[in-house]
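Visitor: Could you have a look at this structure, given as C-alpha cells, before my questions?
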There are 2 protein chains.
Amino acid sequence: MTNSVPPLALEAELAFVPIGTLRTEAGADITDVTIAYQHWGTFRGDPHGANNIILVEHALTGDSDAADWWCEVIGPGKALDTNTWCVISTNVLGGCKGSTGPASTHPDGQPWGSRFPAISIRDQVAAEHAFLQELGIERVHAVIGGSMGGARTLEWTLMYPEAVSTACVIAVSARASGWQIGIQSAQISAIVRDVNWHGGDYYTTGTTPVDGLAAARRIAHLTYRGEQEIDERFGSQAQRGENPLGAFRRDDQRFAVNSYLEYQGLKLTQRFDAGSYVTLTEALNRHDIGRGRGGLIKALASSEVPTMVVGVDTDILYPYHQQEHLSRNLGNLLAMAKIVSPVGHDAFLTEARQMDRILRNFITLSTPDGLELGTAYIGDEYYI
Amino acid sequence: MTNSVPPLALEAELAFVPIGTLRTEAGADITDVTIAYQHWGTFRGDPHGANNIILVEHALTGDSDAADWWCEVIGPGKALDTNTWCVISTNVLGGCKGSTGPASTHPDGQPWGSRFPAISIRDQVAAEHAFLQELGIERVHAVIGGSMGGARTLEWTLMYPEAVSTACVIAVSARASGWQIGIQSAQISAIVRDVNWHGGDYYTTGTTPVDGLAAARRIAHLTYRGEQEIDERFGSQAQRGENPLGAFRRDDQRFAVNSYLEYQGLKLTQRFDAGSYVTLTEALNRHDIGRGRGGLIKALASSEVPTMVVGVDTDILYPYHQQEHLSRNLGNLLAMAKIVSPVGHDAFLTEARQMDRILRNFITLSTPDGLELGTAYIGDEYYI
C-alpha cells in the first residue's frame with residue numbers, strides 16, 4: 001500500500017464516504033454511517049507514513065467547507081498552503097452537512113430523529129478515523145481544530161496517536177467545565193421546550209423548532225463573542241427606527257444588540273438542523289479527555305503527539321486558563337500561543353493576521369527538519 | 001421639621017407607604033403606588049440634615065429584608081451597625097415583595113399585568129425618593145447597593161445629590177453594556193415565549209410561566225457565579241443516581257450542574273413573579289447614567305456625592321473593568337475596592353469577610369470627622 005494514492009474526490013467537491021456501523025462510546029449502534037468531506041491540494045507522500053495531509057476540524061455549526069469558513073488561512077500561499085499541503089475536512093458525525101445525523105434517513109426510510117443516539121467527541125473522532133481508513137489513509141501530518149474542532153483534535157492525539165504526527169488545539173479545554181455544561185444545557189433546554197421539537201421527531205411534522213434553535217443561538221453567541229467587542233459594536237444603542245425606551249416594553253422595539261442577536265439566531269435556523277444542534281451540544285457536554293484514562297492529568301500527560309495549544313485572551317466560553325491548563329499538563333507540548341483580541345472565542349476565525357502567524361509557526365515547528373515526501377520536499381520555505 | 005422623628009414602623013416589620021401616582025421617565029402613569037420597606041436601628045439626627053440613615057438597595061430578585069439577605073454585614077456590631085445606624089431598605093418599584101408591580105392590583109380591581117409600564121432605574125429611585133419624603137426624610141447619610149441596587153445607588157447620587165451624603169456602588173456599571181442587554185433580553189425572551197405568559201396577563205388564568213422563569217434564572221445564574229467556582233463545585237460530575245453519559249440524551253439523567261441550575265430556577269419560581277422579573281430586567285436594560293445628561297462621562301464627572309466603588313475580580317455580568325470605568329470618571333470618588341473571589345458577581349453577597357472590611361472602611365471614609373447627631377456621636381469607634 002505504501003505510496004498508493006488515496007482515492008480523493010475532486011478538489012473542493014463535497015463527497016461522501018460510507019463507513020458502515022458505528023458503535024458509540026455509550027453502546028448504541030448507528031448503522032450505515034456516511035461521512036461527508038472536502039479536500040484542497042494534492043496528496044503527496046505515504047498514506048501509511050510521512051505525508052502532507054492536514055486534517056482540519058470544524059466547530060459546532062461548521063462544516064467540511066474549511067476553505068470557506070477559514071478562507072484566510074487555507075489556500076494557495078496561505079498559512080495552510082494548499083500548494084504544499086493536502087487539507088482534508090469532514091463534516092462531523094451528528095452534523096447536518098452531509099454526514100449522518102439526526103436529520104438523516106435511517107435504514108428504515110424514516111428520519112433518525114430521537115433514535116439517533118447521544119454521541120461523544122470520541123465517537124466523532126472514531127467516525128473520522130474510520131473515514132480515513134476507508135480512503136486508505138493511516139496517518140496524517142497534522143490535525144488542527146478550534147472549539148469543538150479543538151476537542152476532536154485533542155481526542156485524536158489520545159485515541160490514535162500513531163495516526164497523528166502533530167496537532168494544533170485551539171480555544172478548547174481538556175473537558176467540559178461546569179459552566180460550559182450549564183450554558184450549553186440552557187441552549188438544549190431552549191430547543192427541547194419548543195412545542196415544535198416533538199421529542200426530536202419533528203422531521204415529518206412539517207414544522208421545526210426554529211424559535212428554540214434561535215433562542216439557543218442567541219445564548220451561545222454571547223459566549224462566542226467578547227463582552228467588550230459586543231459593547232463596542234452595539235453599546236446601548238437603539239436599533240435604527242425602533243425605540244427600546246418607550247412607555248411599554250415591546251418585542252418589536254429593540255436595542256441594536258437584540259436585533260443583531262435575533263438575526264444571528266434566524267441565520268442559524270436557515271442553515272442548521274435543531275436536532276444536530278442538540279446532538280453536537282450534548283457531545284460538547286460529554287467532552288472529557290480524562291474519562292476512562294485515569295483522569296485529566298494522567299490522560300494529558302500520556303499524550304505523545306507534539307501538540308500546539310492556542311487560546312484567546314477574552315474567550316468567555318473556553319477561558320484562557322483552560323488552555324494554560326492544557327499546556328501545563330500535555331505530555332508533549334510543541335508550543336503555546338495566545339490570540340489577543342476583543343472578539344472572544346470566535347477570534348480564531350476572525351483574527352486572520354494572528355492566526356496566519358500562529359499557523360505558519362505551527363507548520364514550521366511541526367516540520368523542524370522539513371518533510372521528505374518522495375519527490376516533494378516540504379520545509380525550508382516555512383522557516384521564518 | 002428639624003429634628004422631628006420620621007414615623008418609622010416597628011423595627012424589622014414589613015410596612016407600606018403609599019406615594020400616589022408616579023409618572024415614569026417614558027411618560028406613563030402608575031397610579032396608587034405603594035412602597036414596602038423595613039428598617040433596623042433607631043433614627044438619630046435631623047431628617048433634613050445630618051442623620052444616621054443608611055439606605056440599602058437590593059438586587060434584582062431581592063427584597064426589603066436586607067438584614068436577612070445581607071445578614072453578615074447588617075446588624076448589631078456588624079459593619080452596618082444597627083446600634084449606631086438606622087438601616088432602611090425598600091422593595092423596589094416593579095417588584096413583588098410589597099411594592100407596586102405588575103402582579104399588584106390596579107385601581108380597577110384587576111392585576112396590572114401588561115398594563116404595568118416599562119420602568120427605568122430612575123423611576124425606581126424616584127419612587128424611593130417619594131417614599132422617603134412621605135416619611136419626612138429629606139436626606140440620608142449613605143446609600144449602598146449592589147447589582148441593580150448599585151444602579152439605583154448611582155442614580156441616587158445624580159438625581160438627588162442634595163439628599164445623599166455618601167454612596168457605595170457595588171458590582172455595577174455606568175450603563176447596561178451590549179452584552180448585558182443581550183443576555184438579559186435572552187432571559188426576557190425565555191419568559192415571554194412561555195405559552196403561560198399570555199402577554200403578561202397570566203394572573204387570572206390559573207397558570208404562571210414557571211418554565212420560562214426557571215429558564216431565565218438558569219441563564220442568569222451562570223452570570224451571577226464565577227465560571228471557576230461553578231467548575232470547582234460541579235465540574236462534569238453526574239448528579240447522584242443519574243447517568244448523563246447514557247446511550248441516549250435524557251432530560252432526567254443530568255450532570256450535577258444542571259440539577260443545581262434547575263433547582264435555582266425552581267426556587268425562584270416559588271418566590272418571585274415572572275412579570276416582576278421581566279419588568280426589573282427591562283429596567284436593567286435601560287440603565288444608562290448618561291441618558292439626557294450629555295453622555296456617560298459628563299454625567300459621571302458631574303457627580304458631587306462622595307462615592308465608593310466596589311467590584312469583583314471574576315464578575316461575568318458586570319466585569320471589573322466597568323467599575324474601573326466608574327472610578328476613573330466619577331466626579332467625587334471616595335475610594336475603590338476589589339473583592340477577590342472565585343464566586344463572581346454574587347461575591348458581594350457571599351464574601352462576608354471582605355464585605356465587612358470594605359463596608360467598615362466605607363463607614364470610616366464617609367464619617368471622616370465623626371457625625372454629630374444631637375446627643376449621639378458617630379465616628380471614632382469606626383476608625384481602624
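Cβ from N, Cα, C; glycine included.
Annotations for this protein, taken from TrEMBL, read as follows:
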type	residues	note
DOMAIN	A:53-351	domain 'AB hydrolase-1'
ACT_SITE	A:Ser147	active site, nucleophile
BINDING	A:Arg217, A:Asp346	substrate binding site
ACT_SITE	A:Asp315	active site
ACT_SITE	A:His345	active site
Visitor: Hey, how far is A:His345 (active site) from A:Arg217 (substrate binding site), Cα to Cα, in Å?
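Guide: Distance (Cα to Cα, whole Å): 14 Å.
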Visitor: Where does A:Asp315 (active site) sit in the DSSP three-state scheme?
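Guide: A:Asp315 (active site) sits in coil per DSSP, no helix or strand.
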Visitor: Sorted by position, what residues of the same chain at least six away from A:Asp315 (active site) have a C-beta under 8 A from it?
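Guide: Non-local contacts for A:Asp315 (active site): A:Ala171, A:Gly226, A:Gly344, A:His345, A:Ala347.
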Visitor: Sorry to bug you, but what's the C-alpha spacing from the residue listed as 'active site, nucleophile' to A:Arg217 (substrate binding site), rounded to the closest Å?
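Guide: Answer for this pair: 15 Å between alpha carbons.
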Visitor: Over the domain 'AB hydrolase-1' (A:53-351), what is the model's mean pLDDT?
Guide: 98
Visitor: In Å, rounded, how far does the Cα of A:Asp346 (substrate binding site) sit from the Cα of the residue listed as 'active site, nucleophile'?
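Guide: Distance (Cα to Cα, whole Å): 9 Å.
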Visitor: Tell me which residues of the chain lie with their Cβ under 8 angstroms from that of A:Ser147 (active site, nucleophile), as long as they are six or more apart in sequence?
Guide: A:Ala59, A:Leu60, A:Ile170, A:Ala171, A:Val172, A:Leu317, A:Tyr318, A:His345, A:Phe348
